[in-house]
Amino acid sequence: MSGVALALEVVVVFFLALFLLHRYGDFRKQHRMVLFATLLAWFLCFLIVFILPLDVSTTIYNQCKTDNQAHLVAIKTVNHDNSSNSSVFPTQRVPKICQKPWSYIPDGILPVFWRVVYWTSQFLTWLLIPFMQSYARSGGFSISGKIKTALIENAIYYGTYLLIFCSLLIYVAVTPKLHLSWSGLRTIGITAANTWGLFLLVLLLGYGLVEIPRTYWRASCHGQLLAKTYFKAAKLMTEKADAEENLEDVMEDVRTVNETIKYNHPLRKCIDTILKKCPVEYQEKMGRNMDDYEDFDDKGNPYPSKKSLVKLHKQVIYAVQRHNRTQVQWQILLDKAFHLEDVAKNESSSTHKFVHSFPSAEPPGWISKYLYTPTVEWYWECVFRRWCYRVLAVVLCVFSAAVVWSECTFFSTQPVLSLFAVFIQLAERDYNYVYIEMACFVTIFFLCYCVYSTVFRIRVFNYYYLAPHHQTDAYSLQFSGMLFCRLTPPLCLNFLGVIHMDSTISHQTRQPTAYTSIMGSMQVLSFIANGFYIYYPMLIVLLCIATYFSLGTRCLNLLGFQQFVGENDLTSDLVDEGRELIRRERRKRQRTEDGESRRREWRERYSEQRERYGGRNRSAYSELKETDGSGTDTGRAQSRRDRSDKAELLQDVEPLDFTGEEPLETDNRRSAGGHYLSTSASRARIFDDV
């Protein structure tokens, strides 16, 4: 059963990481090595989180067996020492009955498993992923050029961490009580990596513990959520316009270079590579203006260097990706704003049926027909959803308070003040392994949710930004994988310290878990094990207070980065601007929907008339075939009726607008459908594109 549990969790974690990568990455366009490195990093980090509760339950079972063996040895020793005494000891403690957990993992498997997972993740985060980041962001046209750029960019990066490691190494060398060995060097490296990760972990955790419950509480306040959506619309429109302008400027540079370097130039292959990264409409325009009969040295124009083309290639990749991302995000934000406005309108509905402003063109499925009906949707969107969010926000607040209290008191073992340690120890007395694993999983899952969601939320200008719907670039994907690999090991060590399963921090004589055994003895650097690891997490209280009062948001707002602040003139102006933008887009989409409905009605009407006309022709043909050429007068009458039917059909049919433009108002002729005909204008535009 233990092997089944381990294998099942590995499969579940793999598909979870694959789902997240599919949501944020693009399997069709991005490089396979980028996707593989990101998937492997996410998979290993999630795997540590899911397997660690099994390690805890297995360690508790092994501790029980160790205690029984020690108790039996003590009894044999006492009996041997008192063998000459004929008196019988009246009371002897009965050994514990150690129940094997359902997910027990045999000895020797977990240590090897943790070594493979940990060192693979460390290799990814410190060596491979930084190199792949520079490689993917490089604008080089060859593999060797990209590798050279990546090595140069990472020289300073690797040198910085090498300096930190050498500093710790010198500290150990000059300390007389410490002796250098391979295990000591390995412990120094692990300690340095975990110290850096713990420093960042507390910052992200302090933000997530407050912001996540507040986000769900604000989601239950429909008015505030709609105002924030308007605010985001105004900011996104500015970013969208900036991205379009940046793309136009970059495409103008590409057009200039494309016209300068002709087909027989040695750098023409680089231009073709750049053109492949451009949008299709720009490729068509540039290809239309090329004169391939000109030689590249006929004109005395200066030619760009390969270094400038590499820079231009990098700019094209960034500009196109940013433009596509803002376009997709704008459409998603519009749908969200329209839905929130529909909820506001349906709240006062007396029919208790949810009505959409823009119903889906696709036919409803069986879920919409039988389960999620308009009545059920109305009760969920207008009544139950806000209360579910409020209850969830309260539960998350309780969890956050328990985490803050435990982070500040987990070093106290007598008495035990950490709430999570109390829960685990109570379950350990009865050997309720299911409760132990569930309590560990819920606790570490909440910690990971607070940290990882902050990683998905933060945005470092436009260099790091995780955008859903396949709009995340390769650099941001790899940066997130690198952060996960650096944050997960110190997060797990912090969790084990909170539940008093890490003897290095709790200073208890108990069997360590298999995960802490690969970390080595942190006592090699005592000022970190006894000082930084214990007292630094207490700063989470100050970070939670700062997040509660939105000090970081207010500072960014003062520096010129517009943030959503309640009572602020700039925020109110942006909300009003976003509301007007949403209204404008609603009117535009309404006109589009009306045009589509009119064309759909016309197509249905035309198809019915065509079927009726075809049926009449078939009946007339059958009558003529039966008479076999006789009855000329009858044939003439039939032909007159056919001509009258054709005339009637031409009068009823509304003309197609092939150009998609509005007809000219200067033409006085009108069709039966009410549109002006513009024959002369359409004839004039026939050969415009030839």
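Note that Cβ sites are derived from N, Cα and C of the backbone, with glycine treated the same way.
Feature annotations, reproduced from TrEMBL:
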- 6-22: transmembrane segment (TRANSMEM)
- 34-52: transmembrane segment (TRANSMEM)
- 116-135: transmembrane segment (TRANSMEM)
- 155-174: transmembrane segment (TRANSMEM)
- 186-210: transmembrane segment (TRANSMEM)
- 233-260: coiled coil (COILED)
- 387-405: transmembrane segment (TRANSMEM)
- 434-455: transmembrane segment (TRANSMEM)
- 532-551: transmembrane segment (TRANSMEM)
- 586-690: region 'Disordered' (REGION)
- 591-614: compositional bias 'Basic and acidic residues' (COMPBIAS)
- 639-649: compositional bias 'Basic and acidic residues' (COMPBIAS)
Other parts of the chain folded back onto the transmembrane segment (6-22), taken as Cβ under 8 Å at six or more residues beyond its ends: 35, 38-39, 42-43, 46-47, 50-51, 54, 103, 105, 470, 477
Same-chain Cβ contacts of the transmembrane segment (116-135) under 8 Å, 6 or more residues past its ends? 33-34, 37, 40-41, 44-45, 47-48, 146-147, 149-151, 153-154, 157-158, 161, 193, 474-475, 478-479, 481-482, 485-486, 488-489, 518
Taking every residue in the coiled coil (233-260), the average pLDDT works out to 91
Using DSSP, how many residues of the compositional bias 'Basic and acidic residues' (591-614) fall into helix, strand and coil, respectively? 24 helix, 0 strand, 0 coil
